Amino acid sequence: MHKVLVLHGPNLNLLGTRQPEVYGHETLDDIDNGLYEQAALGGWEIACRQSNHEGELIDLIQAARLDGTAAIIINPAAYTHTSVAILDALNAFDGRVIEVHLSNVHRREAFRHQSYVSLRADGVIAGLGSQGYRAALDAVMAG
Ligand code: DQA
(Lines of atoms letter the chains of each structure in order from A and count residues from 1; the text may use other names and numbers.)
(Lines give C-alpha, C1' and ligand atoms only; values in the text may rest on other atoms or scores of the structure.)
Protein backbone atom coordinates (compact mmCIF):
# COMPACT_ATOMS: atom_id res chain seq x y z
CA MET A 1 0.00 0.00 0.00
CA HIS A 2 1.25 3.53 -0.78
CA LYS A 3 2.20 5.52 2.28
CA VAL A 4 2.12 9.27 3.03
CA LEU A 5 3.43 11.14 6.07
CA VAL A 6 1.79 14.38 7.22
CA LEU A 7 4.02 16.51 9.44
CA HIS A 8 2.84 19.48 11.46
CA GLY A 9 5.39 21.81 13.04
CA PRO A 10 5.48 23.88 16.22
CA ASN A 11 2.35 25.39 17.77
CA LEU A 12 0.03 23.62 15.35
CA ASN A 13 -1.08 21.47 18.31
CA LEU A 14 -2.88 24.65 19.45
CA LEU A 15 -5.08 24.90 16.37
CA GLY A 16 -8.65 25.82 17.18
CA THR A 17 -7.63 28.14 20.00
CA ARG A 18 -4.52 29.74 18.48
CA GLN A 19 -5.34 32.98 16.61
CA PRO A 20 -8.51 31.47 15.09
CA GLU A 21 -8.89 34.59 12.90
CA VAL A 22 -5.65 33.53 11.17
CA TYR A 23 -5.64 29.74 11.50
CA GLY A 24 -9.33 28.82 11.71
CA HIS A 25 -11.47 27.05 14.30
CA GLU A 26 -10.68 23.44 13.45
CA THR A 27 -8.41 21.53 15.80
CA LEU A 28 -5.45 19.50 14.61
CA ASP A 29 -7.40 16.33 15.41
CA ASP A 30 -10.27 17.56 13.18
CA ILE A 31 -7.82 18.05 10.32
CA ASP A 32 -5.98 14.76 10.87
CA ASN A 33 -9.20 12.75 11.21
CA GLY A 34 -10.39 14.12 7.86
CA LEU A 35 -7.06 13.19 6.27
CA TYR A 36 -7.19 9.66 7.70
CA GLU A 37 -10.65 9.22 6.13
CA GLN A 38 -9.60 10.71 2.80
CA ALA A 39 -6.51 8.48 2.64
CA ALA A 40 -8.51 5.36 3.49
CA LEU A 41 -10.97 6.15 0.69
CA GLY A 42 -8.05 6.46 -1.72
CA GLY A 43 -6.47 3.22 -0.49
CA TRP A 44 -3.42 4.94 1.00
CA GLU A 45 -1.78 4.42 4.36
CA ILE A 46 -1.24 7.68 6.25
CA ALA A 47 0.52 8.81 9.42
CA CYS A 48 -0.04 12.30 10.85
CA ARG A 49 2.48 13.64 13.38
CA GLN A 50 2.96 16.97 15.13
CA SER A 51 6.05 18.16 16.98
CA ASN A 52 7.22 21.37 18.57
CA HIS A 53 10.82 20.18 18.22
CA GLU A 54 12.94 20.67 15.11
CA GLY A 55 15.04 17.56 15.79
CA GLU A 56 11.99 15.36 16.17
CA LEU A 57 10.62 16.56 12.82
CA ILE A 58 14.00 15.73 11.28
CA ASP A 59 13.97 12.25 12.87
CA LEU A 60 10.50 11.64 11.38
CA ILE A 61 11.67 12.76 7.91
CA GLN A 62 14.73 10.51 8.18
CA ALA A 63 12.55 7.56 9.21
CA ALA A 64 10.32 8.19 6.18
CA ARG A 65 13.36 7.70 3.88
CA LEU A 66 13.65 4.13 5.05
CA ASP A 67 10.09 2.91 5.58
CA GLY A 68 8.72 3.19 2.05
CA THR A 69 6.91 6.50 2.49
CA ALA A 70 6.09 7.83 -0.98
CA ALA A 71 5.33 11.44 -0.05
CA ILE A 72 5.56 13.94 2.78
CA ILE A 73 2.99 16.69 3.29
CA ILE A 74 4.57 19.20 5.65
CA ASN A 75 3.48 22.36 7.39
CA PRO A 76 6.77 23.27 9.05
CA ALA A 77 5.09 26.29 10.75
CA ALA A 78 7.71 28.76 12.03
CA TYR A 79 10.55 26.40 11.03
CA THR A 80 9.55 27.12 7.42
CA HIS A 81 11.34 30.43 7.73
CA THR A 82 14.39 29.34 9.73
CA SER A 83 15.28 25.70 9.32
CA VAL A 84 18.12 24.74 7.01
CA ALA A 85 18.20 21.45 8.95
CA ILE A 86 14.64 20.53 7.88
CA LEU A 87 15.50 21.51 4.30
CA ASP A 88 18.57 19.24 4.43
CA ALA A 89 16.49 16.34 5.79
CA LEU A 90 13.90 16.79 3.03
CA ASN A 91 16.66 16.96 0.42
CA ALA A 92 17.71 13.49 1.57
CA PHE A 93 14.17 12.16 1.05
CA ASP A 94 13.47 10.83 -2.44
CA GLY A 95 9.65 10.99 -2.56
CA ARG A 96 7.33 13.89 -3.23
CA VAL A 97 7.17 16.81 -0.82
CA ILE A 98 4.19 19.16 -0.59
CA GLU A 99 4.45 22.23 1.66
CA VAL A 100 1.21 23.47 3.20
CA HIS A 101 0.39 26.64 5.13
CA LEU A 102 -3.02 27.39 6.55
CA SER A 103 -2.57 31.13 6.17
CA ASN A 104 -1.39 33.02 3.13
CA VAL A 105 2.14 33.65 4.35
CA HIS A 106 2.77 36.08 1.47
CA ARG A 107 0.10 38.46 2.79
CA ARG A 108 1.72 38.51 6.23
CA GLU A 109 4.95 39.82 7.76
CA ALA A 110 8.00 39.94 5.47
CA PHE A 111 9.85 37.29 7.51
CA ARG A 112 7.13 34.79 6.53
CA HIS A 113 7.75 35.33 2.81
CA GLN A 114 10.95 33.30 2.90
CA SER A 115 10.68 29.49 2.99
CA TYR A 116 13.68 27.18 3.10
CA VAL A 117 11.34 24.22 2.58
CA SER A 118 10.09 25.68 -0.72
CA LEU A 119 13.59 25.10 -2.12
CA ARG A 120 12.77 21.37 -1.95
CA ALA A 121 8.97 21.24 -2.19
CA ASP A 122 7.40 19.88 -5.37
CA GLY A 123 4.27 21.90 -4.61
CA VAL A 124 3.29 24.66 -2.18
CA ILE A 125 -0.21 25.50 -0.96
CA ALA A 126 -0.85 28.55 1.22
CA GLY A 127 -3.93 30.39 2.39
CA LEU A 128 -6.60 27.74 1.90
CA GLY A 129 -6.86 26.79 5.57
CA SER A 130 -7.38 23.09 6.26
CA GLN A 131 -8.54 22.64 2.66
CA GLY A 132 -4.86 22.99 1.72
CA TYR A 133 -4.01 19.69 3.42
CA ARG A 134 -6.88 17.96 1.61
CA ALA A 135 -5.75 19.37 -1.74
CA ALA A 136 -2.19 18.24 -1.01
CA LEU A 137 -3.37 14.73 -0.17
CA ASP A 138 -5.50 14.60 -3.34
CA ALA A 139 -2.44 15.61 -5.38
CA VAL A 140 -0.25 13.00 -3.71
CA MET A 141 -2.78 10.21 -4.22
CA ALA A 142 -3.34 11.22 -7.85
CA GLY A 143 0.39 10.50 -8.34
C1 DQA B 1 1.98 28.64 9.18
C2 DQA B 1 2.59 30.00 8.83
C3 DQA B 1 3.88 30.23 9.61
O4 DQA B 1 4.43 31.50 9.26
C5 DQA B 1 3.60 30.23 11.09
O6 DQA B 1 4.81 30.37 11.82
C7 DQA B 1 2.85 29.02 11.55
C8 DQA B 1 1.80 28.47 10.68
C9 DQA B 1 0.61 28.43 8.51
O10 DQA B 1 0.15 27.29 8.51
O11 DQA B 1 -0.01 29.38 8.05
O12 DQA B 1 3.01 28.55 12.66
O13 DQA B 1 2.86 27.62 8.70
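Cβ atoms here come from the backbone N, Cα and C positions, even for glycine.
A TrEMBL annotation is a machine prediction, not a hand-curated record.
Feature annotations, reproduced from TrEMBL:
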{"type": "SITE", "residues": "Arg18", "note": "site 'Transition state stabilizer'"}
{"type": "ACT_SITE", "residues": "Tyr23", "note": "active site, proton acceptor"}
{"type": "BINDING", "residues": "Asn75, His81, Asp88, Leu102, Ser103, Arg112", "note": "substrate binding site"}
{"type": "ACT_SITE", "residues": "His101", "note": "active site, proton donor"}
Spatially closest candidate among His81, Asp88, Leu102, the listed binding-site residues, to the residue listed as 'active site, proton acceptor' (Cα to Cα): Leu102
Candidates His81, Asp88, His101, Arg112 (recorded positions) - the one closest to Arg18 (site 'Transition state stabilizer') by CA: His101
Asn75 (substrate binding site) and His101 (active site, proton donor), distance between Cα atoms, whole Å: 6
Diameter of the substrate binding set by C-alpha atoms, the set being Asn75, His81, Asp88, Leu102, Ser103, Arg112, in angstrom: 24
Recorded positions (Arg18, His81, His101, Arg112), the one with most neighbouring Cβ atoms at 10 Å: His101
Listed recorded positions with Cβ under 6 Å from ligand 1, out of Arg18, Asn75, His101, Ser103, Arg112: Asn75, His101, Ser103, Arg112
Ser103 (substrate binding site) CB neighbourhood, other CB atoms within 10 A: 18
Cβ-Cβ neighbours of Leu102 (substrate binding site) (radius 10 Å): 23
